[in-house]
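Taken from TrEMBL as is:
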- 14-32: transmembrane segment (TRANSMEM)
- 93-116: transmembrane segment (TRANSMEM)
- 136-158: transmembrane segment (TRANSMEM)
- 179-210: transmembrane segment (TRANSMEM)
- 216-237: transmembrane segment (TRANSMEM)
- 291-318: transmembrane segment (TRANSMEM)
- 338-356: transmembrane segment (TRANSMEM)
- 368-385: transmembrane segment (TRANSMEM)
Amino acid sequence: MLKKWVNHLRRPDYPYGVAVVFFVVIFSLLLLRYGTFFATYDQGIFNQLYWNSLHGRFFESSLSSGLSVAVRLDGDVPSVFYHRLGQHFTPALMLWLPFYALAPSPVTLIILQSLVLTSGGIVLYFLARHWLEPPLGWWVTASYYTAGAVIGPALGNFHDAVQLPLFLFTAILSLERRCWWLFWPLILLTLMIREDTGIVVFGLGVYWLLSRRFPWVGLTVCGASFLYVVLVTNVWMPAFSEDLSRRFLPGYFGQVTGDETEATSTLEILKGIFTNPVQLLLILGRRPLRIVLYILGHWLPLGLLPALSWPAWVMVAFPLGQRILQNSHIALLLNVRYAINLVPAIFYGAILWWAQHQAWFQRRLQKFWGWCMAVSVVLIMLANPNNSFSWVLPDSVQPWVWIPLQQRWQHRGEIRSLLAQIPASATVAATNQLVPPLSGRRGVVRFPQYQLRLDNNQIQSVDYIITDLWYWRRFNLPWKNAWDIGELNQRISTGEYGVIALQDEVILLRKGATTSPELQQKWQSLYQELRSLWQP
């Protein structure tokens, strides 16, 4: 089988064939995940962001407001007019607003995510061909489509980082071909992906400067990216909210400044890095095994050869350093969206190394490289990123958690029948997996939040509450939901909301409705059963 795969890699049309396969597989898995209601909160955030922007309310999101410091720390309620730019500065997303306008839906974002990541690989093919002979260029492209750092993030909720490979590979190709009119706008677009992509761009600039291939370009890119990050994080984002200074920076990088509770800034973090080198070394060395495995995971689809490329090391040092410094249990995981930030530097570095060592491309190395790509795909599948393979793999072994696809599909029908009862103009609170299909509206929050600050600045309870207790029970999540189910029962007991439907442990409440005796008895029976399971 491997020999047959190697022979296919020699075909001149192979990069386009594997691109089509990648798109179809990623799109199908994402559509299945969304269709069975396993997409989660972030999918809803981005869909609501685009929906509001399409209606002239750019970057507003009540779902993002639910994560803000005003709500989490100051006790406010989510607002429908909250601007997400205070959490993440992502103006490049508006480039795709016309595409979203063709069919406003979370499914459109699934198509966009699959298409943009696939296109990044096609541009990588042309970049590789600029330096390498055709067979070697095909192998580099195949490595991209089998990389865990590409497949894992591709199978998650929609996110801004999906744009990074396409923009940066196109920018690098434009630079290599001296196409300046395209290079500089793409560098600017890359910076506008998110407030921290300037770190990735800075690494490229350092390489261009040190290699003396494009010294003035490198110096300009370094200066522009540094100034952009400083300006965005210290001036523009604080103008929208205090989320960056009070939540994200202290939570992720507070150990650098010595205080994880006080508000901070990117300039204070840089000061902490340069003035306390001992503390910096302790932070960098606290997870040596995870760091090594993380780097190996990035190298694996390229046959581990980026380890020999000094350009790859230089370019990846800055985004990798950011990942290592980040105080988060998911910072060094290949199957989360942050991993894609390292992809352009590693693949560009690999191409530059191969440009000087094409004689190494022999059959024995090809066989090893092919096995590395196969192992990369198998490992990312076994990791089951974002529950994308849960229909064939268990989500947990101890305790055993596995829901067959047929059971998921049956439950899907029950959910859809209840969602159809919620008017498109109504405000709604929903549990995590039910947020995405309800996110194309002005007012939606994640339960147990059930109040909103509306455009008139008045606080109002949502019109509907819908919760999927079936999901909670199947995934055995008592530590998260013991309080939530009590909150749900309180809303019913006080008469503020009435049960209008209860099917397959999915319950729909409407404000001011009266619960029928039959539904009341059915709810109390389910409540007592779940309460006994989730009692603290």
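Heads up, the Cβ atoms here are built off N, Cα and C, so glycines get one too.
Looking at 14-32, 93-116, 216-237, 291-318, the range that has the most CB pairs within less than 8 A of the transmembrane segment (136-158) turns out to be 14-32. Two recorded stretches are said to be in contact when at least 3 C-beta pairs lie under 8 angstroms, sequence spacing 6 or more; the transmembrane segment (216-237) and the transmembrane segment (179-210) meet this definition. Through the fold, the transmembrane segment (14-32) approaches residues 8, 39, 107, 110-111, 113-115, 117-118, 121-122, 125, 137-138, 141-142, 145, 151, 154-155, 388-389, 391 of its own chain, all at least 6 residues removed from its boundaries and within a Cβ separation under 8 Å.
The transmembrane segment (338-356) and the transmembrane segment (291-318) are in contact, since at least 3 Cβ pairs between them lie under 8 Å (pairs 6 or more apart in sequence). Long-range neighbours of the transmembrane segment (179-210) within the same chain, counting only residues 6 or more positions beyond its ends whose Cβ lies under 8 Å from a Cβ of the stretch, are 88-92, 95, 160-161, 163-164, 167-168, 170-173, 217-222, 224-226, 228-229, 232-233, 237, 244, 311, 314-319, 322, 341, 344-345, 348.
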